[in-house]
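Worksheet: the structure to be examined is printed underneath.
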Amino acid sequence: MEVIYYSVYILFALLAGFMVVLALGLGLHFEGLVERHLVPMIPMLIPLAIGTSSIVSGRNVSFYGLIGAEGLTLADPIGGWILRLTTASIVCASVVVLLSSLMRKKHHGERSGDPLFMAFLAYFGSCYIVSGVLGSEPSFVHNNFYALIVFFVAYATRNQSVDRFVCWARNGLNIFIFMGLAVAPILPEVAIQDGYSGIIPGITFRFWGLATHANNLGPISVVFLLLLRWKPYHSRALNLLSATAALGSLLLSQSKTALIAGIAALIVLLGYHLFDSIRQAKKGKHVTLAQFTWISGPFLLILSLLVVISVGIEFGLWKDLLARFGTQASTLTGRDFIWTITLREWHENPLFGYGPRLWGDEFAARQGYLGVVSNAHNQFVDVLGSSGLLGLLCFSAYLLLLLRYAWLSVGSTEGVSLALAVFILMRCLTEVPFKTGNITTPDFLMHFIFFSALLRARYMPRTAEAQTHASKKRSRLPRTSFSS
C-alpha cells in the first residue's frame, strides 16, 4: 500500500514539475502579453476568487454575532482550494514575468520606483524575515513570501499603463460588489448577518456580501468609489448604478471605520477640487455648474445629516444608539485588551518583537481569542508587537513614502491618490490594512491596488516626458542624404 502511495505521489510531483516547466515556457514565449496584463488582472482575479470561494464554501454568517466564527469553520474545503489555486496561478505567472525580465535584462530608464519599493522591502524584511529569526517566537511562514513576489512584479512592470490597471481594478471590485448583492436574496445565510444592532437605526442585520467579513466589504466599497471617480465608465447610467450599489453596500455593512475613513477621503477629494476650482478662477476660467454641484453637493449633504442628527439628539431619538456607541467607544469594542496583550509581548523583545505568528491561531488560542482575533486591530501596534522597534521604524518609512508618492501624483489623479492615502491611513487606527499574510485577502488586495497605482501614476508621466525629450532630440539631429 505504501508503495502505491509513494508511486502516486512521485507521479504527481513529476507531473507538477512538467506543468511548471511548460507554463514557464509558454509564459516566456508570450512574455509581452503576460507582462502587460498580469498586474492589472490581479485585482480582478482576487475578488473573483474570494467571491466564488464564499459561495461554494457553505458558510453561514447569519448568527455570527451570537456564536462567533464557529459557523464559518464548518465550510466546505473546496472554497479553500479555490483560493489556493488562485494563489498558485498568480505566483507562477509572476515568476514567469520576473524570470523573463531578468533573462532579457530589461531596464526601464529612470528608476523612479526605487525608493518606494526599497522601503517596502525594508518593511517586509523587518516584519517577516528578521522577526522570524530573532523574534521571541522564531518562525517561517511561507505564505508571506508570495506577497513579496507579487509586489516585485508590480515594481518590475511599473512603466505599464496606469489607466489599464485602474480600470481593471475598478471592474474587479465592481463585479465583486454586484456578486454579493445578487447572492444575498438567493443565499441570505452566506451574505447577511442577522441580529446585529449597528450604527443605522432600525437596521437589525449586517451585510457581508461575499467578503470575508462585513468590515472588509465597507473598505472595498470605498476604494471602488474612489477608483470610479478616478476612471469613471463612459456610461452615466452605469456610473450611477455602480455608485449606488457601492454606497448601499458600504452603509449596510455598518463598518464604522470604513464610514469615518470614507468621509475623510471625501473631504480630501472635495478640498482638492475646491482649491483647483479657485486656481482655475484666478486664471480666468469659469467654474461650470457641474463642477459647482460636485463640490458643494456633498458638503450640503453632510451638513443636512448633521442637522438631522442634532435634531434627533435634542428630542432624544438617538439616546439608545448613543448609549450603545458610547459603551463601545469607551473600550474601543474590546481592542484595548488586545492592545494590552500585544504590547506585553513587545516588552519581552523590544527590538524584534514576538515574530510573524503573533495573533496566529496558536497564539490566539492561548489568549482565549481563537476564531475571534487574528491581528492587533491597529497597524502600528500590530507591527510593534510582531517585529519590534525595527519593524515599526521600517513601516513608518514605507508609509511616509506612500504618502509622498500620493502627494506627488495628486494632480494626475485629480486628488484620488491623496484621498486613498488618507482612507488607508485612517484604517490603520483600528485595522491592519498593510498586513501581507495572504494574497487572497481583501486587505492585501487594497494594499496592492494602492501600491501599484501609485507606482504607475508616478512613473508614467516621467516615461512620457523622457520619450518626448528623446523624440525632440532626434528631430534636432542633422539629416544625411546618401542620394547622388
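Every residue gets a Cβ built from N, Cα and C, even glycine.
Values in this document were obtained by computation on a predicted structure and should not be read as measured data.
Per TrEMBL, domain 'O-antigen ligase-related' is recorded for 245-395.
Summarising the annotation, TrEMBL assigns region 'Disordered' to 465-484.
The transmembrane segment annotation in TrEMBL covers 6-26 (among others).
What TrEMBL lists as transmembrane segment is 78-103 (among others).
According to TrEMBL, the transmembrane segment annotation covers 115-134 (among others).
Annotated transmembrane segment per TrEMBL: 140-156 (among others), in sequence order.
According to TrEMBL, the feature transmembrane segment maps to 168-187 (among others).
According to TrEMBL, the transmembrane segment annotation covers 207-228 (among others). Tertiary proximity for the transmembrane segment (207-228) is limited to same-chain residues at least six positions away from its ends with a CB under 8 Å from its CB atoms, namely 47, 50-51, 54-55, 61, 166, 169-170, 173-174, 176-177, 179-181, 183-184, 190-193, 239, 242-243, 246-247, 249-250, 252-255, 257-259, 261-262, 265, 269, 416, 419-420, 423, 427, 431, 433, 441-443, 445-446, 449.
Sequence-remote contacts of a segment are chain residues at least 6 beyond its ends whose Cβ falls under 8 Å from one of its Cβ atoms, and for the transmembrane segment (235-252) they are 174, 177-178, 180-181, 200, 203, 205-207, 209, 217-218, 220-222, 224-225, 228, 258-259, 262. The transmembrane segment annotation in TrEMBL covers 235-252 (among others).
TrEMBL lists 258-275 (among others) with the feature transmembrane segment.
The annotation transmembrane segment is assigned in TrEMBL to 287-313 (among others).
Annotation source TrEMBL lists transmembrane segment at 383-403 (among others).
The transmembrane segment annotation in TrEMBL covers 415-433 (among others). Within the chain carrying the transmembrane segment (415-433), a Cβ under 8 angstroms from the stretch's Cβ atoms is held by residues 215, 219, 222-223, 226-227, 229-230, 257-258, 260-262, 264-266, 268-269, 271-273, 276, 332, 335, 375-380, 382, 399, 402-403, 405-407, 409, 443, 446-447, 450, 453-454, 457, all 6 or more beyond its ends.
Here TrEMBL flags 439-457 (among others) as transmembrane segment.
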Fill in: Recorded stretch, among 78-103, 140-156, 168-187, 383-403, 439-457, maximising Cβ pairs under 8 Å relative to the transmembrane segment (115-134)
383-403
Worksheet item: Where among 140-156, 168-187, 383-403, 439-457 do we find the most Cβ pairs under 8 Å to the transmembrane segment (78-103)?
Response: 140-156
